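Annotated active site, proton donor per TrEMBL: His691, in sequence order. Sequence annotations record features per position, and here TrEMBL assigns 5-methyltetrahydropteroyltri-L-glutamate binding site to Arg21, Glu22, Leu23, Lys24, Lys115, Asn120, Arg512, Cys513, Trp558, Glu602. Under the heading L-methionine binding site, TrEMBL lists Ile428, Gly429, Ser430, Glu481, Asp596. Look at TrEMBL and you will find Ile428, Gly429, Ser430, Glu481, Asp596 tagged as L-homocysteine binding site. If you look up TrEMBL, you'll see His638, Cys640, Cys723 marked as Zn(2+) 1 binding site. Taken from TrEMBL, the feature Zn(2+) binding site applies to His638, Cys640, Glu662, Cys723. Annotation source TrEMBL lists Zn(2+) 2 binding site at Glu662. According to TrEMBL, the domain 'Cobalamin-independent methionine synthase MetE N-terminal' annotation covers 9-311. Taken from TrEMBL, the feature domain 'Cobalamin-independent methionine synthase MetE C-terminal/archaeal' covers 423-745.
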Amino acid sequence: MSRITPLKTSSLGFPRMGKDRELKFALESFWKGKTSEADLLATAKQLRRDHWLLQKAAGIDIIPSNEFSLYDHVLDALVLIGATPERFGNDPVSLTGYFAMARNSTEQTAMEMTKWFDTNYHYLVPEWTSGLSFMPDTTRLLSELREARALGIEPRPVLIGPVTLLLLGKPAPGVDITLLLLRLIASYKQVLEALHAEGVTDVQIDEPKLVTDLTPWEKQAFRSAYKQLAEVPIKLMLTTYFGGLGDNLSLAVDLHTAGIHIDAVRAPEQVPEVLTALSPNQTLSLGCVNGRNIWLTHFAAVNPFIEQAVESLGTDRVIVSPSCSLIHVPHDLAPEKQLSPRIKSWLRFATEKLTELHDLATGNDAAFTANAAAVANREAAETSKNAAVRNRLTRLSEQDFSRKSPYPQRAEIQREELNLPLLPTTTIGSFPQTADVRKHRAAHKHGHITDAQYDTFLRQATEDCIREQERIGLDVLVHGEFERNDMVEYFAEFLDGFAFTENGWVQSYGSRCVKPPVIYGDVSRALPMTVRWSSFARSLTNKPMKGMLTGPITVLQWSFVRDDIARKDTAWQIALALRDEVRDLEAAGLQVIQVDEPALREGLPLRRSDWAPYLEWAVQAFRLTTSGTEDRTQIHTHMCYCEFEDVLPSIAALDADVISMETARSRMELLHAFRAHGYPNEIGPGIFDIHSPRVPDVAEMRDLLQLALDVLTPRQLWVNPDCGLKTRAWPETIAALQNMCAAAKELRATL
Ligand code: GLN
Ligand code: ZN
């Protein structure tokens with residue numbers, strides 16, 4: 001297999017946190033004032049050094065710089081081009097100023113945060129106003145360049161492309177976006193010139209927007225931007241990822257950059273088209289090791305693409321690369337001790353992916369043989385297959401996806417069953433996860449307290465929470481979710497087909513990391529997951545108790561999903577496991593069951609034309625979860641966002657009896673969309689923001705409810721907070737819920 005001439009390899013970005021999340025801890029101790037700015041900067045410098053040397057040692061030829069960040073690479077891009085939000089002042093950005101933009105303080109609300117394409121990474125949203133300075137600040141860019149050079153590495157600096165950056169931001173009303181683009185380009189040009197002056201010859205410029213639907217204006221923006229950037233004698237690697245170029249292929253090629261990087265993992269079908277479309281001097285960076293998932297690369301499947309590329313372009317014009325930056329996968333697999341060795345042999349984290357790149361590029365025979373054996377071992381693993389679940393999936397019929405009666409009939413029955421007042425009050429599930437709760441969980445995990453001691457503690461916390469809810473006067477109670485570490489791992493621990501890492505952290509935003517479980521096989525329910533806690537809670541009160549579950553799409557989205565069967569099949573397997581749980585909860589006397597789907601929307605594909613099939617199977621997964629119930633059981637769902645307009649028909653198709661969502665900050669705006677759509681079922685629009693300790697008074701909440709009543713019928717309306725209360729403290733939680741109940745009562749009296 002050995003290649004006569006090895007190909008070049010590149011890395012597009014490496015996880016920043018460090019192998020033991022050193023950056024996280026350095027940031028948090030700096031924010032608490034325990035360490036100095038110099039300490040933080042020293043840790044950051046050490047991490048960059050470690051990561052550069054690690055990439056070099058792995059045999060990577062093209063190593064990136066300027067992709068490290070103390071908080072977020074989009075914010076860094078704004079600092080670089082002189083476009084940080086005006087409301088924070090225009091001074092050169094100090095570290096304090098930098099974190100003020102990134103994190104809420106008492107003086108200022110931070111920049112808004114949103115998801116980076118379809119990943120779980122959150123970036124800070126640029127604020128496009130007309131007074132931005134666009135004075136580049138290349139200090140950090142150049143100092144990192146020198147740091148790398150001092151280590152004997154000539155790095156390829158990474159920039160977020162100007163058009164992607166522009167489109168990721170929010171223009172203020174009245175801002176002339178064309179003028180903004182021109183100023184943005186001018187600033188980028190100066191940045192490139194500064195790099196050129198330092199002797200840099202190559203730059204990676206990320207334009208992932210090229211894999212999304214673009215308007216004619218946006219396409220034109222690409223043309224004007226790259227025409228001007230081409231005036232600087234630097235070779236640009238136009239880097240696209242998370243999908244195929246599709247109808248933007250000729251646009252991308254015509255930007256005349258020295259090279260194009262494509263994602264051949266998400267969109268392998270584009271390889272032949274791209275090879276034909278490239279102009280004679282363009283280099284292809286072939287993204288063939290998955291930067292979004294943790295499975296080993298199937299060398300035999302990927303190698304033909306590499307060979308095709310070499311055949312049509314020659315060895316000089318092909319670079320072997322990961323599909324995207326590796327920040328979306330954990331740092332290093334080697335230290336994992338608890339994973340079964342067999343499952344571990346199927347996994348590759350960032351460090352191991354570098355080795356894969358090198359092996360692919362050199363055609364290392366031994367590595368190809370070992371890879372084929374590992375792939376075969378994974379395919380043959382009986383432990384990943386569950387015939388009963390697969391059979392059950394093939395036997396599903398239409399009625400498994402529908403409640404027994406339509407909503408209007410169910411609603412009648414539920415009204416009798418539950419006997420709730422108009423405008424019933426409830427919460428979204430979690431109550432404060434106090435330091436005491438977290439301390440006990442950690443003590444239990446590390447074996448410092450026994451199962452029995454932990455259990456006693458949780459029972460007491462649950463009972464206290466229920467008594468508190470009774471005192472407040474809520475109508476539908478919850479158990480408080482004290483036993484849960486998070487929304488997915490808690491469930492995954494009861495499910496077959498899941499594995500867990502000890503240190504598989506991935507940055508979510510700033511210093512926050514998540515540790516997604518790994519779905520390696522067919523999913524089935526080994527044991528009931530929540531029945532014990534929900535039954536216990538139910539036994540403590542005469543009020544209706546709500547059972548709480550995480551929905552199938554959220555479990556899927558927040559895990560590393562296997563790549564050997566369709567996502568839909570995994571989602572439906574999870575749905576079947578949850579369906580059994582829902583039935584068991586019903587049998588245990590839970591009259592109300594909530595299935596949370598906060599991640600339903602984030603699963604949407606990047607291209608509009610791919611939405612319909614996704615929404616279809618995602619909605620079906622929810623219905624499969626909830627439809628095994630009697631009419632008398634009231635199904636709730638919860639979503640933590642308010643961008644619904646474009647997916648409302650699918651939300652309605654969930655056919656949940658009650659949906660709660662986040663509306664307090666947008667003042668119920670989204671209810672108009674629900675009305676316009678003729679949404680028939682019940683709705684609990686959140687009437688207070690749970691992100692802040694602020695307690696709105698009764699009048700404020702009553703006004704919000706009144707706004708909701710302008711749009712909804714009294715029978716449709718529920719009263720609840722925006723989301724779960726786990727991040728709040730008890731005093732403000734009690735005060736806010738008391739005001740919420742008082743507001744509902746006042747309004748009820750007027751109906
Ligand atoms: N039931 C969960 C809670 O209350 C829902 C959280 C969420 O939607 N993200 O915490
Ligand atoms: Zn929520």
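A Cβ is built for glycine as well, from the same backbone N, Cα and C atoms used for every other residue.
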Check the Cα-Cα distances from Lys115 (5-methyltetrahydropteroyltri-L-glutamate binding site) to the binding-site residues Ser430, Cys640, Glu662 and tell me which is shortest.
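Given the candidates Ser430, Cys640, Glu662, the nearest one is Cys640.
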Anything within 10 Å of His638 (Zn(2+) 1 binding site)? Look among the recorded positions Leu23, Ser430, Glu481, Trp558, His691, comparing CA atoms, and list what you find.
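Checking each Cα against His638 (Zn(2+) 1 binding site), there are no hits.
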Would you identify which of the recorded positions Arg21, Arg512, His638, His691 has the most other C-beta atoms lying within 10 angstroms of its C-beta?
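Compared across Arg21, Arg512, His638, His691, the most Cβ atoms within 10 Å surround His638.
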Find the one among the binding-site residues Ile428, Gly429, Glu481, Asp596 whose C-alpha lies closest to that of Arg21 (5-methyltetrahydropteroyltri-L-glutamate binding site).
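That would be Glu481, nearest by Cα distance.
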Is it possible to get the count of other C-beta atoms within 10 angstroms of the C-beta of Glu662 (Zn(2+) binding site)?
22
Round to the nearest Å and give the CA-to-CA distance linking Cys723 (Zn(2+) 1 binding site) with Leu23 (5-methyltetrahydropteroyltri-L-glutamate binding site).
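Distance between the two Cα atoms comes out at 30 Å.
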Starting from the Zn(2+) site formed by His638, Cys640, Glu662, Cys723, give every other residue of that chain whose CB sits within 8 Å of the mean position of their CB atoms, in sequence order.
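The surrounding set, listed in chain order, is Ile428, Pro598, Met639, Tyr641, Ser660, Met661, Gly686, Asp722, Gly724.
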Might you list, by sequence position, any residue in that chain lying six or more from Ile428 (L-methionine binding site) with a Cβ less than 8 Å away from its Cβ?
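Same-chain residues close to Ile428 (L-methionine binding site) (Cβ under 8 Å, separated by 6 or more) are Val478, Gln594, Asp596, His638, Ser660, Asn720, Pro721, Asp722, Cys723, Gly724, Leu725.
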Filter the candidate list Arg21, Glu481, Trp558, Cys640, His691, Cys723 of recorded positions, keeping only entries whose CB is under 6 Å from an atom of ligand 2.
Cys640, Cys723
Given the binding-site residues Lys115, Glu481, Asp596, Cys640, which one's Cβ is surrounded by the fewest other Cβ atoms within 10 Å?
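Least crowded of the binding-site residues Lys115, Glu481, Asp596, Cys640, by Cβ count within 10 Å, is Lys115.
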Roughly how many angstrom lie between the C-alpha atoms of Glu481 (L-methionine binding site) and Glu662 (Zn(2+) binding site)?
19
Between any two of Ile428, Gly429, Ser430, Glu481, Asp596, the residues recorded as binding L-homocysteine, what is the biggest Cα to Cα distance in Å?
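Taking every pair among Ile428, Gly429, Ser430, Glu481, Asp596, the longest Cα gap is 13 Å.
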Does any of Lys115, Gly429, Arg512, Asp596, His638, Cys640 have a Cβ within less than 6 Å of an atom of ligand 1? These are the binding-site residues; tell me which, or none.
Gly429, Asp596, His638, Cys640
Select the closest residue to Arg512 (5-methyltetrahydropteroyltri-L-glutamate binding site) from the following recorded positions, measuring between CA atoms: Gly429, Ser430, Cys640, Glu662, His691.
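Comparing Cα positions, the closest of these recorded positions turns out to be His691.
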Mean pLDDT, the domain 'Cobalamin-independent methionine synthase MetE N-terminal' (9-311)?
96
Helix, strand or coil by DSSP: which one applies to Glu481 (L-methionine binding site)?
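SS state of Glu481 (L-methionine binding site) = coil.
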What whole-number Å value do you get for the CA-CA distance of Leu23 (5-methyltetrahydropteroyltri-L-glutamate binding site) and Gly429 (L-methionine binding site)?
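Cα of Leu23 (5-methyltetrahydropteroyltri-L-glutamate binding site) to Cα of Gly429 (L-methionine binding site) measures 32 Å after rounding.
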Are there residues of the same chain, six or more positions away from Gly429 (L-methionine binding site), whose CB falls under 8 angstroms from its CB, and which are they?
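Expected: Val478, Gly480, Glu481, Lys546, Met548, Gln594, Asp596, His638, Gly724.
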